[in-house]
Amino acid sequence: MVPALRYLVGACGRARGLFAGGSPGACGFASGRPRPLCGGSRSASTSSFDIVIVGGGIVGLASARALILRHPSLSIGVLEKEKDLAVHQTGHNSGVIHSGIYYKPESLKAKLCVQGAALLYEYCQQKGISYKQCGKLIVAVEQEEIPRLQALYEKGLQNGVPGLRLIQQEDIKKKEPYCRGLMAIDCPHTGIVDYRQVALSFAQDFQEAGGSVLTNFEVKGIEMAKESPSRSIDGMQYPIVIKNTKGEEIRCQYVVTCAGLYSDRISELSGCTPDPRIVPFRGDYLLLKPEKCYLVKGNIYPVPDSRFPFLGVHFTPRMDGSIWLGPNAVLAFKREGYRPFDFSATDVMDIIINSGLIKLASQNFSYGVTEMYKACFLGATVKYLQKFIPEITISDILRGPAGVRAQALDRDGNLVEDFVFDAGVGDIGNRILHVRNAPSPAATSSIAISGMIADEVQQRFEL
């Protein structure tokens, strides 16, 4: 007999569904700041869904919301391995609403970021979620950076980023009085928000529409059912079995995985390809002391170096008024390793046997050494920051939080730059859709991504 599962869902009613017993309803929260999800439970005999989303981060929750709003007659559930939602990449990022300037023209990142930023601002206004459209300067501090800055500006225009302009020293000072620079791109549509608050609002919308959220459900297997469950009246209507580490299982017709740092492993569990592999990069942030936060008004970014895969250390205001400096980018020895000495033997073994990572490390050895040096010595990071704001000293800096970025890597050692969506082959492959690579700007793009996923699900699964 399948053990009963605990759901973080409303117990106020029943939603429509395509299986016996329906789905727990929502508690009718008013719009505005997301409230805690209300508790409820369901018996094992009704642990079946038409669609299951694996992963309770911002992309998974946005996708669940989009699907249930488009298909209100379907029963849809979200599985999350933690006791709370949106606690990893969604809850450990800089909170920047990106404009879409950095990405290759015509790529999914470029299209979905520009579209997603506009949708996100609109959503926050509708829901009363606080945000600040504080803008961003991408600043050239050396003469040799100016051609790269101008090329980036042209890329932004190709991507349709609104409001971009090139500005000179005097205009840089008007926007950021303490920032030095020769030339900058002014990105007025860049902003900041608390993405966990946005994700919890998505979850609230999902539940109000009749969706169900299961926490503490760590998936360890996804397979096709071999027979009907004991005492089931559904027979083989729900042919996919999803099992967790506690021996519990649910059944469903279709699966969408949005597993972030574990997207490759979840794909492999379902019998699909593990490639591209996920490599975890930890990013450490520093904090400006409160009495020095006046030095920064909006986002200040360096000109990215196309030889290296990350954007570089930058200045980021937060919704609480603090200023974050960073992040760096160093290889993490645990997929959820937020501290320098966090270690997982399984994750390290993945790193050792990953031929693509060995190639990446050899191609970017000097960059990696520099990032490790900055992570260990505050003075090195401060020296870099002083290129932009000379007034900053090491006594103005505190160590801050960290995040871990899930970055897909191919077998040739190339970082997969665009969003990747994949499916498998055979019976289960026809019933599953994997979100395989969704690093930054996935949070900014989450509403746009969810619309694309809903389109793909509708077409692929013939809903």
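Just so you know, the numbers here start at 1 and follow the chain as drawn.
Placed from the backbone N, Cα and C atoms, the Cβ positions cover glycine too.
Features reported for this protein in Swiss-Prot:
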- 1-51: transit peptide (TRANSIT)
- K104: N6-acetyllysine (MOD_RES)
- K155: N6-acetyllysine (MOD_RES)
- K173: N6-acetyllysine (MOD_RES)
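Other Cβ atoms within 10 Å of the Cβ of K104 (N6-acetyllysine), summed over all protein chains shown, number 13. When the modified residues K155, K173 are compared by the number of other CB atoms within 10 angstroms of each CB, K173 has the fewest. Here the CA atom of K155 (N6-acetyllysine) lies 7 Å from the CA atom of K104 (N6-acetyllysine). When the alpha carbons of K155 (N6-acetyllysine) and K173 (N6-acetyllysine) are compared, the span between them is 25 angstrom.
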